[in-house]
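Trainee: Copied straight from TrEMBL:
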- 118-258: domain 'Sodium/calcium exchanger membrane region' (DOMAIN)
- 479-629: domain 'Sodium/calcium exchanger membrane region' (DOMAIN)
- 1-23: signal peptide (SIGNAL)
- 108-131: transmembrane segment (TRANSMEM)
- 152-174: transmembrane segment (TRANSMEM)
- 180-199: transmembrane segment (TRANSMEM)
- 219-238: transmembrane segment (TRANSMEM)
- 244-264: transmembrane segment (TRANSMEM)
- 415-433: transmembrane segment (TRANSMEM)
- 445-464: transmembrane segment (TRANSMEM)
- 476-494: transmembrane segment (TRANSMEM)
- 500-522: transmembrane segment (TRANSMEM)
- 543-570: transmembrane segment (TRANSMEM)
- 582-602: transmembrane segment (TRANSMEM)
- 614-636: transmembrane segment (TRANSMEM)
Amino acid sequence: MTSRVVLISVLLLLWCHCRHVLGSGDSGTGIVPSPDRSADGADLLSMGTMVDTHSAMLRQGNTDECDIVMNLSAADRCAFVKATPDCSMEDSFINYLKMAFCLLPPNLTPLTITLCIIWLLILFIVLGLTASKFFCPNLSAISSSLRLTHNVAGVTFLALGNGAPDVFSATVAFSRPHTAGLAIGALFGAGIFVTTVVAGSVSLVKPFTVASRPFLRDVIFYMAAVFWTFIILYRGTISLGETLGYLGLYVVYVVTVIVSAYIYSHQKHSATRSSTQSSTHAPADTHVPELQTSESDQAPLLSNGSIQEGYGNNHSHCAHSTKLYLWGVLREPIQSSVCVCACIDSEYRPLLPYCESTSSILLNSLNPVDSRTWRRKTWRWRTVKILKMPLELLLLLTVPVVDPDKEDRNWRRPLNCLHLVTAPLVCVLTFSSGEYGLYLIEGQFPVWALTLLFGLFLSAIVFLTTSNDQPPAYHLVFSLLGFVVSAMWISAAASEVVSILHMLGVVLSLSNNLLGLTLLAWGNSIGDCFSDITIARQGYPRMALSACFGGIIFNMLIGVGIGCLIQMFNNEPVVTLEPEGLLTWVLAGSLGLSLVFSFILVPLRCFHLGRAYGIFLLLFYAVFLLVALLTEFGFIHT
């Protein structure tokens, strides 16, 4: 309830600010030529004002020249956007600034903002669907084929699957010189949101005692990552060695998780042997206490898709429960539910075998709705499902999914052959905004046409050499293809999200930090919030809290590390990270303070998280958000 009130308050403040900016954009800050002034004089005055404003921005440390477009008159904004390199948005498919200032008239700017916000919500849905339904299952298949242990898979592949939207968004934002503030705001904002709102909601839903060693381990590593980022922001630059240090710190974290899990497993087996030996020598009426497994160090990183309903026969709820059990996320009590689920699934199997035609296999594979699930769901769920069906159908047509827990490993011969045509096309048309896909070989033959011919050739070979009921020996290669294609979809959607937020920041005169800590952080974290709360209600609050901290460590270290490396390869060996005013330090200080509170208060409470602590965390986030908004709008300043 508290998060809803905070969200409504923030949206009201942003709307009031939007009306104020749009109402004063053409009269208060713009240069409108008077009737008795010549056009040349008006242009000279406009250019003089632009130069003065630009000089003031450089003195304040803001190097994004596109931000001064709102200080110009409405007639000069289109020419300025076309001539300014910072407004080019080369990494996105749509130049949203040209759409706002050139394509539509100035009086329709509120409509443009509304359409962009709707498109932003659709992109967030694409990010969530792709990560949960396609990216995570293929990562699970890859980890299973590599025979990775649960702990290694949990802190590598599953962490990547759980944090794919955050990592890709941060990487895209950091790789652009003028949108790094979005990444900083999103990473810090998501960290505060997860460690306060999500953790507080879990504590309110299901009070519990947290596992001490994994909790302290995750908090210490996350505090180290935040402190390191704070130092780099204070210095304003990051070198290649420091960037590699982010990746190295995560390697140390992975090694620590694996070693601690091995030590715990060794202690558990030793205690089991000693209890077994003592029970053989003990009298018949002696009670032998059961071994407690509350301190498990396994990495319980949960994917969003693990609690969602799937697509018909492709991703049933039973398959997701089995995956969670195999991933080491759930404990022994869930094994019975997996068995029951398997029995339920076998109930619908036909008594006599039958051969399904190729066309029916294709149609059933492309059906995103399970008839049994549809009948027992409410009308609200059905409405949302209908709205998401076009996106799900597009992803089903382009992304293959391999399920190693099923007998046929989700082999769908006609659909998988179609994937060999559509998946490479998606890769070449989404990489670098389709620049390479539209390239003409020797000025005549496009790359996408060559890719189409190559895909048709592979598809014909696979179709002629395989059968409908038996997957080929190389079927796991489709999991690699699905991983690459889903990553391209996520990267493309993340690029559009960053570009839209950049446009909103320019039009509404909002900083990248504020947009990152609100819209970008909420959009990427809301799925984790609902997932963790649902898991807590099902009786697994420890798993939910571990997912909170484990995912944001991965997002911080990998997002900053990979993003800065990409910018170094494209530009200079030293990346400049300039804080965007006081709000950056409010973000870093609030996140550090919340972690210090957790590091001190949770052990003092004997690692018990109750409803009072949950209310404290929610109030902390509300106060932080209020301070951040007051700082952004100038009520709090240095």
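Note: Cβ is positioned from N, Cα and C throughout, glycine not excepted.
What's the neighbourhood like for these features in this structure?
Mentor: Nonlocal intrachain contacts for the transmembrane segment (180-199), taken as residues 6+ away from its ends with a CB within less than 8 angstroms of a stretch CB, comprise 3, 166, 169-171, 173-174, 222, 226, 229, 233, 498, 501-502, 511-518, 520-522, 524-525, 528-529, 532-533, 544-545, 548-549, 551-552, 555-556, 559-560, 563, 577, 580, 583-584, 587-588, 590-591, 594-595, 598, 609, 614, 617-618, 620-621, 624.
With a threshold of 8 Å between CB atoms, the same-chain residues lying at least 6 positions outside the transmembrane segment (219-238) that come near it are 184, 187-188, 191, 245-246, 249, 253, 256, 549, 552-553, 556-557, 560, 564, 574-579, 584, 588, 591-592, 595-596, 598-599.
Long-range Cβ contacts of the transmembrane segment (476-494) within its own chain (Cβ-Cβ under 8 Å, at least 6 residues beyond either end) map to 93, 123, 126-127, 130-131, 134-135, 137-139, 141-142, 145, 164-165, 168-169, 171-172, 395, 398-402, 404, 409, 416, 419-420, 423, 426-427, 430-431, 433.
Beyond the ends of the transmembrane segment (543-570), by six or more residues, the same chain brings 154-155, 159-160, 162-163, 166-167, 169-177, 180, 183, 187, 190-191, 194-195, 198-199, 202, 210-211, 214-215, 218-219, 221-222, 225-226, 229, 238, 240, 243-244, 246-247, 249-250, 253, 299-302, 329-330, 528, 531-533, 535-536, 609 to within a C-beta distance below 8 angstroms of the stretch.
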Trainee: For the transmembrane segment (445-464), give me same-chain residues lying six or more residues beyond its boundaries with a C-beta closer than 8 angstroms to one of its C-beta atoms, as numbers and ranges.
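Mentor: Hits for the transmembrane segment (445-464): 413-414, 416-418, 420-425, 427-429, 436-439, 472.
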Trainee: Any residues 6+ beyond the ends of the transmembrane segment (582-602) with a Cβ under 8 Å from its own?
Mentor: 181, 184-185, 188-189, 191-192, 195-196, 199, 210, 215-216, 219-220, 222-223, 226-227, 229-230, 233, 511, 513-514, 517, 609, 613, 617, 620, 624, 627-628, 631-632, 636-638
